[in-house]
Amino acid sequence: MKALSKLKAEKGIWLVDAPKPEMGHNDLLIKIKKTAICGTDMHIYNWDEWSQKTIPVPMVVGHEYVGEVVDIGQEVRGFKIGDRVSGEGHITCGHCRNCRAGRTHLCRNTSGVGVNREGSFAEYLVIPAFNAFKIPDDISDDLASIFDPFGNAVHTALSFDLVGEDVLITGAGPIGIMAAAVCRHVGARHVVITDVNEYRLELARKMGATRAVNVAQESLKDVMKELGMTEGFDVGLEMSGVPSAFHAMLDTMNHGGKIAMLGIPGGEMAIDWSKVIFKGLVIKGIYGREMFETWYKMASLIQSGLDISPIITHHYKIDDFQKGFDAMGSGQSGKVILSWD
C-alpha cells in the first residue's frame, strides 16, 4: 500500500510502498479516505529535538483521518463493514487507575497513533475498535478528517463555562481559531485572539472572533478598552506555547479567572506566580480529547450549526504530499487535507 513514512533520521517524509497492517481480534481495518497534516506531523517532518527523542525510524506517521471500515476483528461489536469512522489517536492501556475510573484521556501509558505506532498516512490503518468513532451522515469527510484537532479545540474551550464571558485565546493556529469559533457558538461575549501571523488572524476573523489582534502592531490592553472591558478576561485559552503570550494572558485575566493550557512551551517557562496567587487564577492543563465525551460534543456542535469549514484552506492528492507539507510549513495555511482516493 502507499504510505508516508519517516524513513530517515533527517528532515523530510517519504512516499513508500509499505506492507498492509495486520489486524488483531479487537481491531478495525480502515481504508483511509482523507488525512490532515497536524503540527505534530510538521515537528516530525522537520526532525526537531522532540521528534529525535520520540519517533522510531522508520515508521508510517499521521493521526488525523477519516475512512471506511473494511474488516472487523472477531471480538469486535458495534461496528460493521462500510461504517465511516475517524478515531481517537491516543491508544490507552485500560488497566491504570484513570482508565479503570473512566478517565481514559488521563491514561499514564498512552501510545500515540503515528507517534509511537503506525499511523494514518497510508491507504490502510489498524486501530482498536474502542478508539473508533462513527461519523454521522450529515458531517462531511473533510470535517471528519480534522476531528482530532477540532477535539483539542473543543476540549480546551469547553473546560469552563463560557456563556456571557470574555475570552482571550493566545495563538491563532488552526486549533486556536477553531476554539474561537466554539466559544462564540456557545455564547461567549467577547472572544479576542492574539498572534503575529496576519494570514491566520484573518482566518480567525472569518471564524467569528470578536477581535483578532496582531500583538506586534496593536496593544491588547487598548483592544480591551475599545471593547469596554474594565476588569479583564474571565477565561483564557493558551494555545501557543509562547512564554510572552502566556505572560500577557496573566496580565489581562480578571480576578478569579480560569485558564486552560493546550500550547506546549519549548522548554521550562518562568512566570510571575504572584499574579496567579493574588488573582486567584485556576490553571488547567489540556492533553488531547476526553474519550469520548469530546467526540460526541464535536458532532453535536457541527450538527447544531457551527461552521468550521473555513479552517480548511488547502487540498492535495497524496502524490502531491510535498505541496501540502510546504503549505503547512509556510504559515500561510489553515488545515491541509490529503486525499487518498
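Any Cβ shown, glycine's included, is placed from N, Cα and C.
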Item to check | Same-site residue for NAD(+) (record: Swiss-Prot; known: ASP195, ARG200, LEU262, GLY263, ILE264, ILE286, TYR287; options: ILE175, ILE271, ILE277, ILE302) | outcome: ILE175
Next on the checklist: Sequence gap of 6 or more, Cβ distance under 8 Å: name the residues on the same chain that satisfy this around ILE286 (NAD(+) binding site), in order along the sequence.
Outcome noted: ASN152, HIS155, THR156, SER159, ALA260, MET261, LEU262
Next on the checklist: With the cut-off set at 10 Å between Cβ atoms, which of these binding-site residues ends up with the most neighbours? Options: CYS38, CYS93, CYS96, CYS107.
Outcome noted: CYS38
Next on the checklist: Long-range neighbours only, meaning 6 or more apart in sequence with Cβ under 8 Å: which ones does ARG200 (NAD(+) binding site) have?
Outcome noted: ALA172, GLY173, ILE177, GLY331, GLY334
Item to check | ILE175 (NAD(+) binding site) versus GLU64 (Zn(2+) 1 binding site) - Cα distance in angstrom | outcome: 13
